[in-house]
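K.L.:
What follows is a structure written as structure tokens; I'll ask about it next.
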Amino acid sequence: MHKNLNQRRRDDLYRTRRTIDGPQQPELLVDGRPMLSFCSNDYLGLANHPEVIRALQQGAGRYGVGSGSAHLISGHSHAHEELEEALAVFTGRPRALLFSTGYMANLGVVSALLGRGDQLFEDRLNHASLVDAGVLSRARMKRYQHADASSLERQLKAVGEGRRLIVTDGVFSMDGDLAPLPGLARLAAQNNAWLMVDDAHGLGVLGETGGGCTSHFGLSEKEVPILMGTLGKALGTFGAFVAGSEVLIETLIQQARPYVYTTATPPALAEATLVSLQIAREESWRRERLQKLIARFREQVAGFGLSLMASETPIQPIVAGSAGRALAWSRHLEAQGILVSAIRPPTVPEGSARLRITLSASHSDDQLERLLEVLAELPEVGE
Ligand SMILES: *Cc1c(COP(=O)(O)O)cnc(C)c1O
């Protein structure tokens with residue numbers, strides 16, 4: 001173990017945690033020091049919304065804190081039921097099922113639907129939980145070129161028997177770009193495969209009322225039969241869900257082990273999410289505000305000679321290349337009071353370490369300007 005840890009340090013891959021005080025918002029207290037954060041996934045600024053906090057408090061008054069057991073024993077509350085119905089309506093799907101986390105939802109879906117002898121197709125840059133889900137399922141896993149429907153098509157042609165599942169992030173978590181969903185849906189239909197989309201970063205942010213990437217592309221349940229979303233990012237709370245047909249949801253209730261064998265999340269949390277969901281739907285100004293910040297950021301950073309990625313979402317990475325350079329940049333920002341994390345392998349491919357900057361509707365114009373000033377003067381660091 002020692003040897004491994006030391007090697008990680010030498011490779012600039014060692015990870016450490018920071019301790020935050022106070023609520024999640026742009027101005028953070030980090031290890032006791034005030035910092036301006038550009039690395040949270042709280043895209044709509046709902047994690048610290050007074051009405052969401054009140055709903056959590058009132059929910060605790062009504063239900064207590066713990067749910068006491070799994071959903072199939074006595075942990076499934078009226079609040080959970082109501083949130084599932086609201087999420088089904090929100091995503092335009094017949095039903096939705098809550099999971100404790102997005103990681104568990106992904107493990108649960110893939111391992112419930114596939115087994116030995118089945119075929120799984122994943123984008124090369126899919127989230128780690130989707131890759132782990134494939135391993136757990138024991139299906140044969142193929143990874144196609146990033147966001148490349150023709151690469152997927154070649155792989156689909158080359159496979160034999162078994163069920164087929166295509167899985168992709170909707171918005172790629174470290175790159176911010178969108179999956180080519182209409183093309184993937186067409187291929188799924190032509191090749192008798194299911195399509196599953198993990199919309200952790202699109203939900204709340206994309207689509208007119210925040211319905212996510214399927215709403216952005218106008219794709220129905222028929223085209224994207226399995227939709228996964230998380231609640232801990234734009235919705236500002238915690239947890240995840242899968243939306244789809246009656247048969248899909250019943251199958252997951254029976255067979256998704258990360259659903260069956262775990263304690264239900266606190267009912268008060270479901271009450272809080274019901275409120276944040278309503279705010280996310282109704283307050284379109286939050287999405288408009290984000291678009292304004294994104295446009296301003298891209299226009300300015302392009303002028304600094306830094307390498308932006310093709311992203312129109314609040315995830316705006318700046319490519320550094322080596323882990324050492326990403327780390328040096330992140331430390332420089334930190335010294336100036338700005339918190340942005342350096343994303344390094346294995347989270348991203350070797351040679352593509354980056355600063356992962358995320359914008360939130362709760363950032364002020366002044367805060368964005370402060371970030372831009374510091375980015376304009378990033379130090380020269382060799383590759
Ligand atoms: C964050 C994330 C998850 C995991 O969701 P949690 O609720 O945090 O466990 C899954 N997929 C993607 C693409 C994510 O970004």
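Cβ atoms here come from the backbone N, Cα and C positions, even for glycine.
Remember, predicted model here, so these are calculated numbers, not experimental data.
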K.L.:
Same substrate site as His127, Thr347 according to TrEMBL: which of Arg15, Arg17, Arg18, Arg33?
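P.N.:
For substrate, TrEMBL names His127, Thr347; of Arg15, Arg17, Arg18, Arg33, the listed one is Arg15.
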K.L.:
To which of His76, His146, His201 does TrEMBL also attribute binding of pyridoxal 5'-phosphate at the site defined by Gly102, Tyr103, Ser173, Thr230?
P.N.:
His201
K.L.:
Name, in the order they occur in the sequence, the residues of the same chain whose CB lies under 8 A from the CB of His127 (substrate binding site) and which sit 6 or more residues away.
P.N.:
Asn106, Asp169, Ser173, Asp198, Ala200
K.L.:
Taking every protein chain shown into account, which of the recorded positions Arg15, Lys233 has the largest tally of Cβ atoms within 10 Å of its Cβ?
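P.N.:
Sorting the candidates by Cβ neighbours within 10 Å, the top entry is Lys233.
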K.L.:
May I ask which of the binding-site residues Arg15, His127, Thr347 have a CB within less than 6 Å of any atom of ligand 1, listed in sequence order?
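P.N.:
List returned for ligand 1: His127.
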K.L.:
Between Lys233 (N6-(pyridoxal phosphate)lysine) and Thr347 (substrate binding site), how many Å separate their Cα atoms?
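P.N.:
So the Cα of Thr347 (substrate binding site) lies 18 Å away from that of Lys233 (N6-(pyridoxal phosphate)lysine).
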